[in-house]
Amino acid sequence: MNHLRSLGNQLRSSILRYGVPIYEAKGEDIELCSSKAGETTQGSLQPNGHINLADTKRDGVPPNQDTAGTSSVWQAGWNVANCMQGIGMLSLPYMVKEGGLAALITMAVVLIIGNYTSKVLVYCLYEDQLNLESGEKPHLVRVRKTYADVADACYKSGGTVLNIMQIIDVIAVAALYLELAGSLMVDTFSMSGLSKLTWTVLCGVLLLPTIFFRHLTKISWLSCFAVLSLVIMFFSVVWYSLGKSIVWDITSVPAFNLQQYSVSASIILFNFGTQFIMPGVEDSMRNRAQFNRMVNCTYFITGVLNIAYALFAYLSFGLETKEFITYNMPLGPLQAAVSMLFVIKSLLSYPLMLFLIVNSVDSMKLSFLPPCSGATPDRMPPAWAMIFRALLVLFTLFLAVVVPHFTLLMGVTGSLTSPWLDFIFPCLFYLKLKRKSLAWWEVVINWVIVGVGLVGGVVGLIYSMKALVNAYAEDFS
């Protein structure tokens, strides 16, 4: 248990990650169509402001077009839900212990903001188009494909900066998944005699076949099983907690303490980030009309599960709540099951991280690096690209097992990148691209979110830097 406890103490102070806005259409229908006939779905912006993207089958657009997407609403939802359930899930009850009721409220607010910024970002992929000569109704055209395209449209070299930040962020999450899996395995199977290093390497080797996954539709099935394993873990903890409900005392929830709340809030703030995956998820959907509904449902269900799990687990263990909830589980089958379910979740989430890294590298269009993907999602990438993907897996494995205090180092990095990717950039881009059509209160809301992201990033950076400096100081003392 010492390996996992060490990792938990590090994670405590690190940042662990890791509607489309209401527009007034003034009573007129505004069509959504592609910039090239047949490339994207059509639909309308209704008078109530909600964007409705029409079904490709209904509008006669072949669903197998590259931009039409092949993912169902459920598959898109699995990918988003999987991305939302970061490494910090095991620490949510501990966050309640540290932050009290304010931590639960913060969790709900962060989920609401994340829902908003995700949809704002996708809306920035579209632009109004009006053909006065033909007398057509105004319609929206999907003129951008990725998060980086939106950044480029707003600022010179914005896409390059964003891709670099995203690559660093996602590589950190992927490596942390490997490190956590190794820690959980060595404690779950302590009788095997295998070290944390051995288990981490075995997990990395097990993940090498993930280099063959080429698009989100296939990855969504892994995300489905990852989310299901996490849900089972949630219910296992809640079931055990309900068995101890006779000792629950709601008054035991701590009162507000600024220092403890700051640690709790900074971790919660960046634990549900999905913004960097949203353009790809929306692009992969067969029926983009369901995007808003999918995001709303995913955030709502995930939020209810996480808040209930965090509260019930804390009420069961009170002030004895540990950094990782597995510490509180009784030794035996239940603790092993909870640990293994999270290991499964971590390993099944890894392919999604690898996909995001490859996509970000591809979108940078580096002159010295050929495309990392095939001509179409269904075509096998060239041999060199498969080697490149395998090297990415080995690189994340290297970070997980070699870099001293890697978790704390990535906590510092995450506090620098996550607030910008999840909160600040989507709102800044939205204000830049859509400012002329925004009401004053929408402008205020977006600037408030930018402020929240900046404050959270500074707080997280301070505590992460402090923990990292202390850890290295102990090494040299």
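Using the three backbone atoms N, Cα and C, a Cβ is placed for every residue, glycine included.
Here is what TrEMBL records for this protein:
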COMPBIAS  39-49  compositional bias 'Polar residues'
DOMAIN    70-462  domain 'Amino acid transporter transmembrane'
REGION    39-69  region 'Disordered'
TRANSMEM  99-117  transmembrane segment
TRANSMEM  167-185  transmembrane segment
TRANSMEM  197-213  transmembrane segment
TRANSMEM  220-241  transmembrane segment
TRANSMEM  261-278  transmembrane segment
TRANSMEM  299-317  transmembrane segment
TRANSMEM  337-361  transmembrane segment
TRANSMEM  382-402  transmembrane segment
TRANSMEM  408-431  transmembrane segment
TRANSMEM  443-463  transmembrane segment
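Residues 81, 84-85, 89, 92-97, 103-104, 107-108, 111-112, 114-115, 231, 234, 237-238, 240-242, 244-245, 247-250, 252-253, 272, 325, 328 of the same chain lie 6 or more positions beyond the ends of the transmembrane segment (299-317) yet place their CB under 8 Å from a CB of it.
Looking at which of 99-117, 337-361, 443-463 has the most CB pairs under 8 Å to the transmembrane segment (197-213), the answer is the stretch 337-361. Counting Cβ pairs closer than 8 Å and at least 6 residues apart in sequence, the transmembrane segment (167-185) and the transmembrane segment (382-402) reach three or more and so form a contact.
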